[in-house]
Amino acid sequence: MDVWSGLALGFGNALTITNLGWALLGCFLGTAIGVLPGIGPALTIALLLPITFQVSATGAFILFCGVFYGAMYGGSTTSILLNTPGESGSIITALEGAKMAKNGRAGPALVTAAIGSFVAGTVGTLGISFIGPVVVELALKLGPAEYFSLMVLCFATVSAVLGGSALRGLASLGLGLLIGLVGIDLQTGQPRLTFGVPELLDGIDVVLVAVALFAVGETLYLAWTHVGGKQEVREVGRLMMSKQDLKRSVGPWWRGSLLGFPFGVMPAGGTEMPTMLSYYAERKLVRPEHRHEFGTTGAIEGVAGPEAANNAAAAGVLVPMLTLGLPTSATAAIMLSAFQSYGIQPGPLLFTSQADLVWTLIASLYIANIMLVVLNLPLVGLWARILKIPQPQLYAGILVFATIGTYGISNSVVDLLLLYGIGIIAMFMRRFDFPTAPVVIGMILGPMAEQAMRQALTISQGDWTTFITRPVSLCILLIAVLALAGPRLWGLVVRNRADTAPTA
Amino acid sequence: MDRPKPGAGPDLVVAIFVLLLGMLCLWQAMVIPVTPLYAQVGPKFMPYVVGGLVVAVGIGLVLSALRGGWSHGIEEVEHLPPTNWRALGLLGAGLIANLVLIGSLGFVFAATAQFVLVAAAFGSRHPLRDLGIGIAVSLGAFLAFDKLLGVNIGAGILEGVL
């Protein structure tokens, strides 16, 4: 099926009243929950996963697309008005956006973030529609050996390339892989790492781990360092951009989007790097008379560019997720497990076996994107009010929903114990600067990598050299090695530049 | 080697924890029974690899901690307020209350108790108001998930009433 007939099919399915309703609900819920400080898209989708018990696959994925884009919009609002980035990609937005808000320019910052997200979402969704099928063509030629090497590359990039330290990233990845091992080995039926606990035979649910990391761990950490007092929510003010604001934003929107998308598509996923690069690029490219605003009163370019890069990269992550079945961000890992709960395995065959679902999903990304830009600006007052929910009741409520997300699946107190146990580990991870995303990615990708490795070795009749004698596999492994060594050098360059930058 | 810098102690504990975690994984890999089933790669291989990786990382972290640790260099940690034992204690009590009550009394009661304790942990001084909000939130959530989505979160003693 070519792109145009695919899109026609998708829009045909998505533009029914029911499905538009799901999209609207998703956008609304996604933004509302994404606005809550500390809650990013991954946790939002994890908490809404129970919906998959009751709703058809198409409806649920349209909803998740809305939630996915919505939670990112919501995150930028929190960064600007509260200076509390909900996920690593919004840190840069918070840097300049919060400064603008402090100087009474919250309105233009919110508008440029919203329109920037729209531009990025459009670029990203167009990218998914046109690049997705191309990647599928290539992916169909890959065997298990290449898949295994691709996953090794993912492991290397998500744990060692991103974040502050390769060692701590690998420790997080190791924890994720370890959690992924728990349960019955699919090939031989042997229980592994279950410690004789029958509840562990089915393995540990990814929702449980996501909720433990992002909700319980975060709440525990906040209690640990709690110092009373109220957080200040900045006033929104006038939601208008001056002509000059608009003129200064257009360039960053496009540059950020075009920079962010390829980063998302590559298995080097993650949004930190493109947002950082976009920030430095905009600082370099800004007209000299505005340069002093960076880091002082807040420069609109520093919100427009990184926010666009963030959203475009997040959209790009859907390409490897849908076409290869490889999740490269925590959010994508959770979406993958949503697919699995419907018995659908994302991968190259998805575009043929579930063409209906894939194209409807892509069409609903376009729809969600338009809905959000229409919905978000008029409702910004409402989002700002959500930000004013006092901390005590907010975190008490988050923990109630954390219980539902885990106990609701299994009705097992063992799962609650696990939730709190992993939550305590997550609290220490937060304190000692271990990244959390590699845990989720490791636990999802680990079993997939093991399966691919075993298949590859079965095909090669136990010959381990299959991974390095197949040229594509060898190339991917070499890139993985490069990814492990290269960033050390690149990190030095960035650090040197960051040293010369005015600190936040 | 000089005396460890302040902050290296906690880092060392964390590093040793990672090391022990890896060793736990290796030990568990060893006790996986071998199957007579044919497989090119048995069920033990991956646990050995993962355990080995975590042990290696753990050793690296121990070395890093002995060289002064890493967490004192993080800006956020440098300005870390002292541990708030009261908040942590109340929050822990909330989690335990939830664990103990959810099986017997059911979700609504357990979640409400947890809600009041967690709100108190974050400095709320209105337990009665929190009780009201807690009941509303957990009852609303229960009804939404149970009736609309068919997710059974455990009615407990309210079984049949709701």
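For all residues, glycine too, the Cβ spot is worked out from N, Cα and C.
TrEMBL annotations:
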type	residues	note
TRANSMEM	B:12-39	transmembrane segment
DOMAIN	B:13-152	domain 'DUF1468'
TRANSMEM	B:45-66	transmembrane segment
TRANSMEM	B:87-111	transmembrane segment
TRANSMEM	B:131-149	transmembrane segment
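Long-range neighbours of the transmembrane segment (B:12-39) within the same chain, counting only residues 6 or more positions beyond its ends whose Cβ lies under 8 Å from a Cβ of the stretch, are 4, 47-48, 50-59, 61-62, 64-66, 69. Model confidence over the domain 'DUF1468' (B:13-152) stands at 87, taken as the mean pLDDT rounded to a whole number. Here the domain 'DUF1468' (B:13-152) has, by DSSP, the following mix of helix, strand and coil residues: 104 helix, 0 strand, 36 coil.
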